[in-house]
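J.: Take this structure first; my questions come after.
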Amino acid sequence: MLSYIGRSCQLAPALKGSVQAVASGLKNAAPVTTQVRYAHSDIQVPDFSAYRRSDVQDPRTKSGESAASRTAFTYMLVGGGTVSGIYAAKSIVTEFISSMAASADVLALAKIEIKMDDIPEGKSITFQWRGKPLFVRHRTDDEIATEGAVDVASLRDPETDEQRCPDSKWLVVLGVCTHLGCVPIADAGDFGGYYCPCHGSHYDGAGRIRKGPAPLNLEIPPYEFQGDLLVVG
Amino acid sequence: MAAPIRKSHPLFSIANGALVDLPTPANISTLWNFGSLLGLCLVVQIATGLFLAMHYTADITLAFSSVAHICRDVNYGWLLRATHANGASFFFICLYSHIGRGIYYGSFLYMHTWSVGVIILFLVIATAFLGYVLPWGQMSFWGATVITNLMSAIPFLGTDLVQWIWGGFAVHNATLTRFFTFHFLLPFIVAAATMVHILFLHQTGSNNPLGVSSQLEKVPFHPYFSFKDIVGFMVMLMALILLTLLNPYLLGDPDNFIPANPLVTPAHIQPEWYFLFAYAILRSIPNKLGGVIALVMSVAILFVLPFTHKAKFRSLSFYPLNQFMFWTLVTIVVLLTWIGARKVEDPYILTGQILTGAYFLFYLINPLTLLIWDKLMD
């Protein structure tokens, strides 16, 4: 740009001279530019006062005096804009990612209610809960006594019957074998509970692994009793 | 001294050449923002579309309810859907502004850039049409039926071609699934075509409002136009957000809240606003094949522009009469948009026909007026 020519070192004394002339000759005049262009034409330096901040409208004031406040204002704007931008970006990313999370209809089926009166004593009924089979067993007194007498220390996944069945009458477990995910068969196996036909895992009447390759007891979902309803989830 | 990494790195140097050190005319106006805004629109549409596609089902028994499921059940699904639908409108606002700038300032003289641009326009038109069918509302179904039936106007092959497109004897499940496939695919082709468009543009550099060579007055793209483009992004995003959050169905059709019924045609079939001018042109020609040709030509005539420019100056900046004619063209397109939404009855039929004639006449009269003006000024 041609204006830079006027700022070169060789021309500095001449430049200073012209600034002096402007300063002394036009003390009370309207603000004028002190920039001089050594262009081979009649190009007029445009008036940039519309773009200047009020602190530096007058070219005779020292810009260093208002530098701190002007810088602070700029930094505030940039800082505020950055914070807003980060918040907006975070919101957008959150919105996209959470759209992939469970939707309201899936969450609505996350809880099921089961009428306990529909399950006679000694029977195990299978329901669907969160896409998986749920075994609900109405245990007899004999079954409760048998499971309560088991030596917990000998179990692969030691858990007492009381831990697994807060209400001893009811066993609520997920019907998913902890070996590789097959659905065990109710009232089958050597321990009066469940038997997984895929690889021969035997579970007892409290859903604990007793024989076979499965590493853990059948999973117990969160549930509670509300009157005559069993609410799972 | 070693060159900065942005210039020496094989990958960064490509980005540098397009976004940082690109020599740009110093005097390009806000109308030059629409190119980058179109890129932003494409990104928004692809991002929202991708996440919508995770929840949408392209089956005629499930499509409508899957869109309802998105709006009601999916976290922020309502926002994704509304942004995608209104984003399409903004895409066309930017497209028409971008093309208008090109016509006014003679940017079409960059023939390769212009031709690829018209191809991109056709691709986006196709994408928008296919996308509108997906919700499987009444307007989706009947819009698909009407527009695909246009193909039957083609002599000899027409009927077979239409049934091949449908994948059956009417718009049905096969049509919906393939429309979803192509709606998903085309935006990526648009993205590739956009890169080709920019490649050609960067062979010549951008045009400018004066239409004269800007070789003596270039500035680097960054920071001047990078920041200017960012301001443009903020303005457009603000407008998109306001529309999406305050009145998301303003530009939509109430009939699309009714599930598609192949046995009942709605009283007033019409496309979305951005197709109405072309729809009016289609309906203005009493002949079926003629109407189809006029519809295609209403967009394809843009290909012809570079060959009709014989004026001394590139842009219309120095041609006041042609400026008036340009704005008359804009008015004609706006009026055709209005006509496209009206019933096919008097006085709209004749009005539409006159406006159609005027629309095509512009492309003939404009270059002639430029020539005459040059001769007068000589």
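Glycine residues also receive a Cβ, built from the backbone N, Cα and C atoms like all the rest.
Got these off TrEMBL a minute ago, pasting:
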| type | residues | note |
| --- | --- | --- |
| BINDING | B:H84, B:H183 | heme b b562 binding site |
| BINDING | B:H98, B:H197 | heme b b566 binding site |
| BINDING | B:H202 | ubiquinone binding site |
| DOMAIN | B:1-210 | domain 'Cytochrome b/b6 N-terminal region profile' |
| DOMAIN | B:211-378 | domain 'Cytochrome b/b6 C-terminal region profile' |
| TRANSMEM | B:31-57 | transmembrane segment |
| TRANSMEM | B:78-99 | transmembrane segment |
| TRANSMEM | B:111-134 | transmembrane segment |
| TRANSMEM | B:179-201 | transmembrane segment |
| TRANSMEM | B:230-251 | transmembrane segment |
| TRANSMEM | B:289-309 | transmembrane segment |
| TRANSMEM | B:321-341 | transmembrane segment |
| TRANSMEM | B:348-373 | transmembrane segment |
J.: Near B:H84 (heme b b562 binding site), which residues of its chain come within a Cβ-Cβ distance under 8 Å, counting only those 6 or more away in sequence?
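T.: Set apart from B:H84 (heme b b562 binding site) by at least 6 residues yet with Cβ under 8 Å, we have B:Q45, B:T48, B:G49, B:L52.
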J.: Which sequence-distant residues neighbour the transmembrane segment (B:348-373)? Criterion: at least 6 residues beyond either end, Cβ under 8 Å.
T.: 277, 280-281, 283-285, 294, 297-298, 301, 304-305, 308-311, 319, 321-322, 325-326, 328-329, 332-333, 335-336, 339-340, 342
J.: I'd like to know the mean pLDDT over the domain 'Cytochrome b/b6 N-terminal region profile' (B:1-210).
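T.: Across the residues of the domain 'Cytochrome b/b6 N-terminal region profile' (B:1-210) the model's pLDDT averages 96 on the 0 to 100 scale.
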J.: State the non-local partners of the transmembrane segment (B:321-341) in its own chain: residues 6+ outside its ends, Cβ under 8 Å from one of its Cβ atoms.
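T.: Same-chain residues near the transmembrane segment (B:321-341) but 6 or more away: 96, 100, 103-104, 270-271, 273, 275-281, 283, 348, 351-352, 355-356, 358-359, 362, 365-366, 369-370, 373.
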J.: Is the transmembrane segment (B:230-251) packed against any residues at least 6 beyond its ends, judged by a Cβ distance under 8 Å, and which are they?
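T.: Answer is 30, 33, 36-37, 40-41, 44, 79, 82-83, 85-87, 89-90, 94, 272-273.
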J.: Measuring Cα to Cα, tell me the gap between B:H98 (heme b b566 binding site) and the residue listed as 'ubiquinone binding site' in whole angstrom.
T.: 17
J.: Return the single residue from the binding-site residues list (B:H98, B:H183, B:H197, B:H202) that has the minimum number of other CB atoms within 10 Å.
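T.: Result for the binding-site residues B:H98, B:H183, B:H197, B:H202: minimum number of other Cβ atoms within 10 Å at B:H202.
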J.: How big is the gap, in Å, between the Cα of B:H183 (heme b b562 binding site) and that of B:H202 (ubiquinone binding site), rounded to a whole number?
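T.: Rounded to the nearest whole number, the Cα-Cα distance is 29 Å.
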J.: Look up B:H197 (heme b b566 binding site) in the DSSP assignment and report helix, strand or coil.
T.: helix
